[in-house]
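According to TrEMBL, the domain 'UvrD-like helicase ATP-binding' annotation covers 196-526. According to TrEMBL, the feature ATP binding site maps to 217, 218, 219, 220, 221, 222, 223, 224.
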Ligand SMILES: Nc1ncnc2c1ncn2[C@@H]1O[C@H](COP(=O)(O)OP(=O)(O)OP(=O)(O)O)[C@@H](O)[C@H]1O
């Protein structure tokens, strides 16, 4: 039967739902049966203890089969709510009839015949939904390229099992549905975008050839969403060789990790392990050092006007720091070791022989050569003098060799690096026994170069979000420990350190095999909000999505007291209206956010302060620092204290840009004092 009209589609949907319900019932029955079997097997083992070991395997299998049936039932439960979101009618060349292909979050096959009723959005045939309009189309199947024609392309909004609407579209960019999706209130956490993935986004999700993929995308261009869909895609395509445990995400903080935690389960995949640069470097330094966190570095740059600190951060964030460290490693390789003669009892080992052994160990990292050399010198004594070195002699050899390396210690060598470069003031402890943030990475990189490292072979794909916040030395460290595929994503205009930001050229030097792609269309904010953001940091590449809303509202208070009353009122209005789900008051620093929370005495109970120590993202109203708000989004944003004095330097402007681009629909800017000049006269 041809399914064309809405009535026919509704009938088709009901048929699919009845199949899903039947499968869910079968799944539940199987799970119940397995539960009963399990009880029986356990009772048998109780009565026949001697057979316990034999039956163990069978018990594990029964339990596993029951759990799998339950998991499948849960997945079907989700599918019942929204079985599919798209359809293409495709006729391959040579075929007589077109076939309707319904596309959903996962595959559903007819229980009896095995015929697919719904195709997974990641399947080869589904790719045409994202890549083609009606007319000629093709896709890469396992058997090769399949060409043909799409005669119909349809989109559905099915929510809670009901077909809300359907539209036929000819364009590959589904503007109408996309507009609707973007104009609704934000969900509590990040959601999947399978129904409206755009063509350029789709190309990135499906890229399987790049060893290192660098995605530079403007604010709100969908980078994080795409990265998560890319993980889901790779897990689907390589399901025999890749599991979620083989992937690692480096994310900026726990709040962000929680914010994105819903997307992969929505796509039917398990969440992947997550870590941070700080944890990685701590592991590399064997937890022997205490160091500042990135959060502290940024806070210091925003709160103190210590030029020397900023200079140190800028230097260590730049490519020159890495270049000089590499040069220093070469210099150490050539100059650190100073051979001398060694006397062991009545035997003398000439310096030339010691040097020969040093050269023979050149494949080992510099500081790993000592023990190997000592062993080689003991052998030398045996072959040359037929003298077998005892434990005491071996200790003499080891000590003598260590002295020839100047009894080097990584931390001392790292400190000496700054004298070697002629810039001793570039190193300073943050506090007694506390390293500055970037020194932890310089030190770890030097350690890797001089002592070697155990690489993370288990990780097959590494994903780094907010790539602009890491420096060349951090990437050089990553390149050494993760010899796997890497996806990097970020926006150089949202840097936490504009003075020393990473650029795409530096990334190309560190990862010569990288592919770089750019995303210029911004989906999150209305055109009015983006217009204001462009005044703060102009990005000529940014293309706003054609979506309008109320212009940003400025409130110029006569004094701070009036400003606070106004902020209080905005929050109260928001909580009373309940039209939108989320609002953020984004402050320059956490200190300001915490002080504001204290000052606004009459806040509704639901208002929460999110700090660097928070683990959960919460909806409702949050008070948050600009730094922590990175990657998040809110229906409404208030930026308080937006005076020229507060948002003057490059890093302050960067924070203001981040804060404003978090807003989807409404932005309020308040100030009790002159606004920054760049916020005056926003073009209409
Ligand atoms: N194709 C799409 N369909 C529907 N929504 C989309 C699409 N692409 C992006 N979005 C929406 O745009 C918003 C921004 O997406 P996301 O947070 O992934 O962007 P980003 O580039 O990582 O942003 P930022 O760098 O500013 O944090 C989200 O609400 C996301 O759902």
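In case you wondered, yes, glycine gets a Cβ from its N, Cα and C as well.
Predicted automatically and left uncurated, TrEMBL annotations should be read as such.
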Including all protein chains shown, what's the count of other C-beta atoms within 10 A of the C-beta of residue 224 (ATP binding site)?
24
From the centroid of the CB atoms of 217, 218, 219, 220, 221, 222, 223, 224, the recorded ATP site, which same-chain residues not already listed sit within 8 A by their CB, in sequence order?
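For the ATP site, the extra neighbours are 491, 519, 522, 523, 524.
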I'd like to know the mean pLDDT over the domain 'UvrD-like helicase ATP-binding' (196-526).
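Within the domain 'UvrD-like helicase ATP-binding' (196-526), the model's average pLDDT equals 93.
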For residue 220 (ATP binding site), what is the tally of other C-beta atoms lying within 10 angstroms of its C-beta?
26
Near residue 221 (ATP binding site), which residues of its chain come within a Cβ-Cβ distance under 8 Å, counting only those 6 or more away in sequence?
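Listed in sequence order: 491, 519, 520, 521, 522, 523.
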So if I measure Cβ to Cβ from residue 223 (ATP binding site) and keep only same-chain residues at least 6 apart in sequence, which ones fall under 8 Å?
215, 217, 465, 489, 490, 491, 519
